[in-house]
Amino acid sequence: MAPSHVDKVNTRTWSASIVFMVLTFVNVSVHLVLSNFPHLGYPCVYYHVVDFERLNMSAYNVMHLHTPMLFLDSVQLVCYAVFMQLVFLAVTIYYLVCWIKISMRKDKGMSLNQSTRDISYMGDSLTAFLFILSMDTFQLFTLTMSFRLPSMIAFMAAVHFFCLTIFNVSMVTQYRSYKRSLFFFSRLHPKLKGTVQFRTLIVNLVEVALGFNTTVVAMALCYGFGNNFFVRTGHMVLAVFVVYAIISIIYFLLIEAVFFQYVKVQFGYHLGAFFGLCGLIYPIVQYDTFLSNEYRTGISWSFGMLFFIWAMFTTCRAVRYFRGRGSGSVKYQALATASGEEVAALSHHDSLESRRLREEEDDDDEDFEDA
């Protein structure tokens, strides 16, 4: 079937979105490379935000001065930036693969607006725009770190986390209910069936980034709050654990209540949350200023509670996943054939209909003989 006018318009719009996506990825990559050289317009390197040697857990914030708070150190920030670039690269490659398979195929399909359906399921123009926003906000986040502006660092970390969250939700749900998403999957072009597995990998990879960004946004919010209000540094360190726990629990519950219906294999956020916990441990273990004071007990208990929450939700996800795989074949077998009661009811209805037709034929014969 020839592509319709709607297919042509949507394909062109989607293609333009992918072109802008590639340009944005190149822009962010160049920015990250150049930001390692302070003399090229950046006041400082982005990965050196806090001097942990000057951190004092018992001190209060001094207005108009930079107060060191709990944040990622230089090695962690470089690894974080490199990993985020790899995630952006993987998502960009995914969109390019989908574009090639949808735009360059010779068999356009037998359904009306087939390309529009395929684009809508694999990642439409709005989802591509959300991904562009995620890359742009990440670029602005690293830019604010190079200027060492606590308030802007906290703001851009929250905006980037929000954009990445919306992009992940759109990739998982396609803005539809589960039944409608299943209907669109059944109408997908046969040549895109294998790409769905690639899409599942991308969803989990984005969720890994989202899980680690939970730690980053918790640190950034408390870092900005601690540099703008008269609070003690030790209290802000403990507040990082509270913010992290609240955000991670909300996401764990959303995965178990809603998102698991759309994508069965969802362990990306759990893996990213684990890496985030390790990211919290590293600066605290590395620098003695965190543990050589009265906050040692509170920090230890906070770590224990966070790991317990993570282990509980990860175990729940694993149990539900493997239990769903074990019962999947029974569900499909039940849908394959009709039940015995339905077959018996249909047979009884057919026999009654046949008897009624025979009686009418006999009556007609009798009337004809009388005539």
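From the backbone N, Cα and C atoms, a Cβ is placed for every residue, glycine too.
The membrane topology recorded in Swiss-Prot places T13 on the same side as F198.
Across the topological domain 'Intravirion' (261-264), DSSP classifies residues as 1 helix, 0 strand, 3 coil. At the 8 Å Cβ cutoff, the transmembrane segment (127-147) and the transmembrane segment (14-34) share at least 3 close pairs (sequence separation 6 or more) and count as touching. Taking residue pairs at least 6 apart in sequence, the transmembrane segment (201-221) and the transmembrane segment (299-319) share fewer than three C-beta contacts under 8 angstroms. Regional average pLDDT for the topological domain 'Intravirion' (1-13) in the model is 73.
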